[in-house]
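Features as listed in TrEMBL:
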- HIS181: active site, proton acceptor (ACT_SITE)
- ASP182, VAL185, GLY187, ASP189, SER191, GLU204: Ca(2+) 1 binding site (BINDING)
- PRO279: substrate binding site (BINDING)
- ASP354, THR357, ASP362: Ca(2+) 2 binding site (BINDING)
- 63-75: compositional bias 'Basic and acidic residues' (COMPBIAS)
- 140-434: domain 'Plant heme peroxidase family profile' (DOMAIN)
- 54-102: region 'Disordered' (REGION)
- 1-25: signal peptide (SIGNAL)
- ARG177: site 'Transition state stabilizer' (SITE)
Amino acid sequence: MMAAKARISAAILLVCIILPLLASAFLDHLPEVLEHDSRIKDVTIRGDNNIVGANDNDFTLPRSHEKKNERSLKEKKSKKKKHKKKKNKKGKKSHKDKTFDFDHIFGGNQQEGDEFSPYLQPVDAPQTIEEQEQAENYDGLREGFYQKTCPHAENIIRNGLIRAFQNDSTIAAAFPRLLLHDCFVNGCDGSILLDTTPSGARVEKLAGTNGATVKGFELIDEIKDELERQCPGIVSCSDILVYLSRDAFVLSGLPNYNVLGGRRDGMESNEANIVGNLPLPGDTVDQMIDLFQKKGLNSEDLVVLIGAHSIGVAHCFNFLYRLDEPEKAQMLDPRLAGVMRFMCTNQMNTLPFDPTTQYKMDSIFYKQLMIKKGLIESDQILAQDIRTRGFVQKFGDDEMGWFDKFGKAMNKLGAIEVLTGNQGQIRRQCRAVN
């Protein structure tokens, strides 16, 4: 009996004294997150077919762990930012327009046929409806046309021009003139380069509006010979002329612009086709706008492309007559008239279109027109006519805006009545058909 009472007393002692002490010790070591918190919220976790209820405390870590985790997150964010910054720095490219670096071109070690070309840039998708329609009009022509069939073509053409430019800086203005005179007569088919044709007709280059005022044929021959050695029967003469024109402008300070390739060469050249198809120094604004519209170019394109006269010269016979007619003489700055009289002792003498920066493409040419210092009458009247004066003023004030429009206008010019696909031929030499 006494033994039973002793066991009962020990059990009561265990329940009343020892167990509470153990429970208290246990609770002292529990994480603080298990302390009572009345702020209970339902959190819904969605699985495929399950919805589980939970509260904030189910997702809370002890404070010591929170601090550790915060440091970890900060370190990760810091590393991520550094990595992103490093990556951006490495991959960052300048979006500024590029022009030729003369020191690099003339002093560098780049050889003909090198893979690098500042012109081979990614083709951007058309951004506007106008550009999309324009892209459709260039059907058969595309940027980087020779990348697979003759990857060094653009470098060979450019390097040939650079060599010639070192010896004669006036050569740059020759190729844009050749291009316009080619494209406005039966399209951009290289017909102005032909010396003879199967028909035996007098060729375009012999016409009075060409003749002594066009040059550069020998350089085109040299470039064509090099291209034929590298890529026989691939690069057309009409494309050579387009690439040379672009390179001439870039050498003269215009930011680089991409050009389209894929033209094929025509097999006819006839002096008679020139009549009514080329702009003349004495043309009225009506005549110029009408002619450009027939070629798919508008009045703004007319003023944009006239800016090519920022470089180059004009022969005295193209403007000296202005001094003899009082009405026309009134449109001349008196000092310019004096220079004309002094320099033009021979009709074949020349004066620069822009004497201030004769070898540089810039907007000064337009500024000169606004103060009656245009050498050619057809240039000068663009600054007087209400339909074109605004463009002259605009491009004189906004050189970069003109630069941007110039490349686009040149591509429109280079797409006039082109031969593509199986039309025409790829001449083996530019002066004669195959």
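In case you wondered, yes, glycine gets a Cβ from its N, Cα and C as well.
This prediction places the mean pLDDT of the domain 'Plant heme peroxidase family profile' (140-434) at 95. Nothing from the binding-site residues ASP189, ASP354, ASP362 places its Cα within 10 Å of the Cα belonging to the residue listed as 'active site, proton acceptor'.
The two recorded residues ASP362 (Ca(2+) 2 binding site) and PRO279 (substrate binding site) have their Cα atoms spaced 22 Å from each other. VAL185 (Ca(2+) 1 binding site) sits 27 Å from ASP354 (Ca(2+) 2 binding site), taking the C-alpha atoms as the reference points. For GLY187 (Ca(2+) 1 binding site) paired with ARG177 (site 'Transition state stabilizer'), the C-alpha to C-alpha distance reads 14 Å. Compute the center of the Cβ atoms of ASP354, THR357, ASP362, which mark the site for Ca(2+) 2; besides them, the chain residues with Cβ within 8 Å of that center are SER310, ILE311, THR356, GLN358, LYS360, MET361, SER363, ILE364, PHE365.
Distance noted between the C-alpha atoms of GLU204 (Ca(2+) 1 binding site) and ARG177 (site 'Transition state stabilizer') is 14 Å. Apart from ASP182, VAL185, GLY187, ASP189, SER191, GLU204, the residues listed for Ca(2+) 1, the same chain places the Cβ atoms of HIS181, CYS183, PHE184, ASN186, CYS188, GLY190, ILE192, GLY266, SER269, ASN273 within 8 Å of the centroid of those Cβ atoms. Nearest to ASP354 (Ca(2+) 2 binding site) in space, judged by Cα atoms and limited to the recorded positions ARG177, ASP182, ASP189, SER191, PRO279, is ARG177.
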